Ligand SMILES: Nc1nc2c(ncn2[C@@H]2O[C@H](COP(=O)(O)OP(=O)(O)OP(=O)(O)O)[C@@H](O)[C@H]2O)c(=O)[nH]1
Ligand SMILES: [Mg+2]
């Protein structure tokens, strides 16, 4: 997929019925295909009302065709956009007819993300912008849309490129000094190398903080509700979701399978998983469910350990067991439920613990805010950019090399080569974000996550 040059075709609009459905073709020279489709040469950037006919000359659809001559197009190649009527069967016929008429030119169905991949390979967009297109389409909240749109406009790439440029300047300085060992220190002092390095470090930290927020906004939080049977996990899920998604009964062991529901709090997606109550059981079905509870706990970003206020703090063994299974960096929040059943507030198991009632809704808003606080969400902010784990990893690796380079810079003589080397490694990791220095296999992985037609 990575290097094929054949013209490609796909439906660009969503599956299902709609007023309009767009079929898109991209290739190095599409005039021959356009001519066989419509028996005329299409002028670029003009809306042409045309009829596409089958092999017997019967109309398949009347449509609007727009020809974008490369490189002034989305992919950088020639692009032919057919705005058809939006029926799934009709669009399939249009595609079939185009494939027949484009056979000589080698027209094939596009792979997922192939249009965007071509835009990237033809330098129309960089990798963060390509990712932003996927994120913009997947965005589930207004904040996520705005964050992805900012990335697509190039805000994130600009920050990265500015930082790379500053590191490059510093590298040039250090590497040119290497040729004059006797003047090393003085030269670097005069050029304020250390101050410049400190400035780079500061910007990198700001970038990391921003990317962390962006990642929360994009990926959201995997929140697992865990605890003994009957404490009210399913009731809490229903309360958070605002609808009856899980079955609630007074019988312990009601929930067998995981129940998932996503909500947005403050624009942040929360993917909540209600699990089977944890206990020893001889029931085979329940035991399977409990196994799944543990699986969910092992993949969580945060676990809400729910207890029943009437039972008191008798769940220490279970809590210890959960703490043992948690993935690194996963937080646990202790929440005591059924507050409505007690005449006064009970003593909570810890300072962080919260008291709620899934039944009456008391404490639920506080709980939502607490979850956001624990994952480090600073609230919707001007300029937040949607970011991915991949970006954060690259930024963190770059930061490590900048820290090392700082140490070498402080050592002065004899360390300058290492100083330069660390700078170059930091630069390499930043370059991976925008895709300037990215291995092909990783590129394939990123684009294969797109759907067809993008
Ligand atoms: N009074 C009161 N009852 C509650 C509250 N939350 C849940 N309950 C009741 O407690 C019982 C168990 O609730 P569930 O939500 O099914 O508990 P669970 O933790 O999902 O139980 P399992 O699925 O068996 O593990 C039901 O009768 C609920 O109505 C609450 O805040 N107050
Ligand atoms: Mg339940």
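Going from the start of the chain as shown, residues are counted 1 onward.
Cβ from N, Cα, C; glycine included.
Curation plays no part in TrEMBL annotations; they are all automatic predictions.
The (6S)-5-formyl-5,6,7,8-tetrahydrofolate binding site feature in TrEMBL is assigned to 24, 81, 124, 454. According to TrEMBL, the domain 'TrmE-type G' annotation covers 220-376. Look at TrEMBL and you will find 230, 249, 251, 254 tagged as K(+) binding site. TrEMBL lists 230-235, 249-255, 274-277, 337-340 with the feature GTP binding site. Per TrEMBL, Mg(2+) binding site is recorded for 234, 255.
Positions of the features from TrEMBL, shown on the structure.
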residue	record	Cβ contacts under 8 Å, 6 or more apart
124	(6S)-5-formyl-5,6,7,8-tetrahydrofolate binding site	71, 74, 75, 76
233	GTP binding site	225, 226, 227, 255, 274, 275, 277, 306
234	Mg(2+) binding site	246, 247, 248, 254, 255, 259, 274
251	K(+) binding site	230
252	GTP binding site	229, 230, 277, 279
276	GTP binding site	229, 253, 255, 256, 257, 258, 286, 289, 290, 292, 293
338	GTP binding site	231, 232, 308, 309, 310, 357, 358, 359
454	(6S)-5-formyl-5,6,7,8-tetrahydrofolate binding site	12, 112, 113, 115, 116, 133, 134, 137
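Excluding the listed site residues 24, 81, 124, 454, the same chain places 12, 26, 73, 74, 75, 79, 115, 116, 119 with Cβ atoms within 8 Å of the centre of the (6S)-5-formyl-5,6,7,8-tetrahydrofolate site Cβ atoms. Per-residue pLDDT, averaged over the domain 'TrmE-type G' (220-376), rounds to 93. The Cβ of residue 81 ((6S)-5-formyl-5,6,7,8-tetrahydrofolate binding site) lies under 8 Å from the Cβ of 12, 22, 23, 24, 25, 65, 66, 68, each on the same chain and at least six residues away in sequence. Checking the binding-site residues 24, 81, 124, 230, 454 against ligand 1, the ones with a C-beta less than 6 Å from an atom of that molecule are 230.
Checking the binding-site residues 24, 230, 254, 276, 338 for a CB within less than 6 Å of any atom of ligand 2 leaves 254, listed in sequence order. Taking the centroid of the Cβ atoms of 230, 249, 251, 254 as the K(+) site, the other same-chain residues with Cβ within 8 Å of it are 229, 248, 250, 252, 253, 255. In the structure as shown, the Cβ atom of residue 230 (K(+) binding site) sits within 10 Å of 21 other Cβ atoms.
DSSP assigns residue 24 ((6S)-5-formyl-5,6,7,8-tetrahydrofolate binding site) to a strand. Cβ neighbours within 10 Å of residue 254 (K(+) binding site), excluding its own Cβ and spanning all shown chains: 17. Counting every protein chain shown, the number of other Cβ atoms lying within 10 Å of the Cβ of residue 255 (GTP binding site) is 23. Its Cβ placed at the centre, residue 24 ((6S)-5-formyl-5,6,7,8-tetrahydrofolate binding site) has 22 other Cβ atoms within 10 Å.
Applying an 8 A CB threshold to same-chain residues 6 or more apart, the list for residue 249 (K(+) binding site) is empty.
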